[in-house]
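Peer 1: Got a structure for you, questions after.
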């Protein structure tokens with residue numbers, strides 16, 4: 001964890017606590033929600049490999065393997081490719097050396113894609129995503145003061161965008177609203193980091209939302225608690241946040257029954 005990329009120097013990651021938090025995260029997905037979880041083996045030569053979201057974008061039966069913006073992360077794609085091939089998805093590989101795309105910059109609303117143009121994702125990467133998922137509109141959003149677009153927003157329901165309160169987050173939301181033909185509801189939380197949450201619609205459970213724990217972001221947690229129709233599950237992410245990780249970073253959600 002000392003070698004993981006980070007935008008700014010800060011406190012050292014407590015590895016044992018990071019492991020416990022990650023085990024809880026996996027336990028919620030597998031045990032509490034009954035999802036099938038395929039765990040990739042850790043690769044000690046790739047310190048950022050826990051952030052699997054960045055190396056693949058999966059929509060319906062197609063998986064786009066990305067070309068991460070940080071060169072040190074490009075080998076992470078190989079392990080992801082093997083596991084996605086085992087699920088018999090249509091695999092598209094991003095081979096253009098002028099393209100960069102991190103999955104953390106890709107927000108799929110169920111109707112369309114928003115792609116953040118950030119330090120890690122460029123216009124060519126967004127164009128390849130648009131070519132891959134032709135059934136959906138793709139709009140680009142400039143990202144400032146954040147590593148990724150989903151550093152300050154995510155889907156919190158079928159038509160609901162959770163968004164941080166910072167000026168940069170609000171400006172990005174305005175851009176998304178101008179780009180879209182659809183009108184989304186918004187849930188504004190005081191803390192940008194807390195706006196990254198995981199929404200799932202599970203047949204046996206209904207609307208499920210994994211969000212940051214009250215001990216981390218108490219004021220934002222109060223906002224989520226207003227969502228009375230959701231099963232709310234608070235999850236701590238204090239350690240991975242030190243190396244720019246958020247809740248969506250650690251999983252790729254695939255709507256498909258696994259044969260494995």
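Cβ from N, Cα, C; glycine included.
Predicted automatically and left uncurated, TrEMBL annotations should be read as such.
Pulled these from TrEMBL:
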BINDING   5, 48, 53, 54, 73, 120, 243  substrate binding site
ACT_SITE  148  active site, proton donor
ACT_SITE  249  active site, nucleophile
Peer 1: How many whole Å apart are the CA atoms of residue 120 (substrate binding site) and the residue listed as 'active site, nucleophile'?
Peer 2: 14
Peer 1: Whole-number Å distance between the CA of residue 243 (substrate binding site) and the CA of the residue listed as 'active site, nucleophile'?
Peer 2: 11
Peer 1: Go through 243, 249, our recorded positions, and report the one whose Cβ sees the most other Cβ atoms within 10 Å.
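Peer 2: The residue with the densest Cβ neighbourhood is 249.
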Peer 1: Here are some recorded positions: 73, 120, 148. Which one has the most Cβ atoms within 10 Å of its Cβ?
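Peer 2: Counting every other Cβ within 10 Å of each candidate, the maximum falls on 148.
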Peer 1: Measuring Cα to Cα, how many Å separate residue 148 (active site, proton donor) from residue 48 (substrate binding site)?
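Peer 2: Here the two Cα atoms are 15 Å apart.
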Peer 1: Suppose we draw a 10 Å sphere around the Cβ of residue 48 (substrate binding site). How many other Cβ atoms does it contain, all chains included?
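Peer 2: There are 23 of them.
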